[in-house]
Structure formats: C-alpha cells, structure tokens
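Under the heading substrate binding site, TrEMBL lists R24, E84. Positions annotated as ATP binding site by TrEMBL: R24, E43, E91, K109, D110. If you look up TrEMBL, you'll see E43, E91 marked as divalent metal cation binding site. Residues annotated as transmembrane segment in TrEMBL: 44-64, 70-90, 111-131. Annotation comment: TrEMBL describes E84 as active site, proton acceptor.
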Amino acid sequence: MPEANGPLPPYAPPSASQRSLLRRRAASFGHAFRGVGMALRSELHLQLHAVATAVVLGAGFYFGLSLVEWALVSLAVASVWAAELFNTAIETLTNLASPGYHPLAGKAKDVAAAAVLLAALGALAVGGLVFGPKIWALLPR
Ligand SMILES: Nc1ncnc2c1ncn2[C@@H]1O[C@H](COP(=O)(O)OP(=O)(O)OP(=O)(O)O)[C@@H](O)[C@H]1O
C-alpha cells in the first residue's frame, strides 16, 4: 500500500483474467438492463411504475426535497421496482414450470404479488409523509 502523497505504484495494464472479469461484469449489467427493458415492454404495472417514478422525481425537484427525503424516496421507489421485477421473474418461471393449474403455482404467484403490495404500501407511507405536508401547505385556506 503506497503512503499518502507518496510515489504512485507503476501502472500495470489489466491482466487477461482481469480484462475478462471486467467484460463479464459489463455483460452482467447489459443482461440486467435487458431484463428491465423486457419486463417494461410486457408488464403494464411496470409501465405505470415508470410514469409514477417520473411524477415522483418531478415532484421531488419541484418541492426541493432535502437529502434525507431524497434518500427515503429513492429507497421507496427502488423497492417497488425491485419487488415488481422479482414478481415478474417469479410469474414467468411459474408459467414455464406450471402452465396448467396447480395450487403451488398459485401460491408462488400470490406470495410474489404480496411482496409487491407490501413494497407499494411502504412507498405510499413514505410518499405521504414526505410529500403530504408539502402539498397540504400549498392548499388554499
Ligand atoms: N398456474 C396457476 N395455478 C394456480 N393458480 C394460478 C396459476 N396462475 C395464476 N394463478 C392464480 O391467478 C392469480 C393471477 O395470476 P396471473 O398470472 O394472471 O397474475 P397477475 O397478478 O394477473 O399478473 P399480471 O397482471 O402482472 O400479469 C395468481 O395470483 C394465482 O392466484
């Protein structure tokens, strides 16, 4: 480990194994973005989330949220997106594994949907607590 302000170690170009690691990491990001794109194209719920996210970000800038408020809103928005994406993945796998009716398939889908509901309720609570007082203050009295 070089001393602070000490001489920098000589530049070593990434080795072949490091380059392939970087390529794999970059490919993983590509797969993840492709997953978001595919889910967005097929799922109406996610399209609505995209609109809701744009509205929330716009409202956040309009009201000039504090850093902590931005952190809470970001977590709430991300948790709903994550829950929806997991739900889509579980629905897709369930349809593949059990195209016909099966109580376990129904259970998997219901539990995945419950996770979305929970994330959405949490986001609603955060949205109400962060934006509620600001909107209230704008209302004419
Ligand atoms: N293969 C199945 N076997 C048993 N029950 C199922 C099956 N598929 C769906 N269900 C039941 O029907 C409900 C709705 O399933 P569906 O696949 O239509 O999901 P959804 O919530 O309408 O999804 P989305 O609207 O996001 O596509 C499930 O939550 C589950 O209770």
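Every residue gets a Cβ built from N, Cα and C, even glycine.
Known features from TrEMBL, placed on the structure.
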{"residue": "R24", "record": "substrate binding site", "Cβ within 10 Å": "9"}
{"residue": "E43", "record": "ATP binding site", "Cβ within 10 Å": "17"}
{"residue": "E84", "record": "substrate binding site", "Cβ within 10 Å": "22"}
{"residue": "E91", "record": "ATP binding site", "Cβ within 10 Å": "17"}
{"residue": "K109", "record": "ATP binding site", "Cβ within 10 Å": "16"}
{"residue": "D110", "record": "ATP binding site", "Cβ within 10 Å": "9"}
Task: Distance [Cα-Cα, Å, rounded] between E84 (substrate binding site) and K109 (ATP binding site) - done: 12
Task: Rounded inter-Cα distance in Å - R24 (substrate binding site), E91 (ATP binding site) - done: 27
TODO: For the transmembrane segment (70-90), find every same-chain residue at least 6 residues outside the stretch whose CB is under 8 Å from a CB in it, and list them.
DONE: 35-36, 39, 42-43, 45-46, 49, 53, 56, 60, 108-109, 112-113, 115-116, 118-120, 122-123, 126-127, 130
Task: Structural state of E43 (ATP binding site), classified by DSSP into three states - done: coil
Task: Candidates near ligand 1 among the binding-site residues R24, E84, K109, D110, judged by a Cβ under 6 angstroms - done: K109, D110
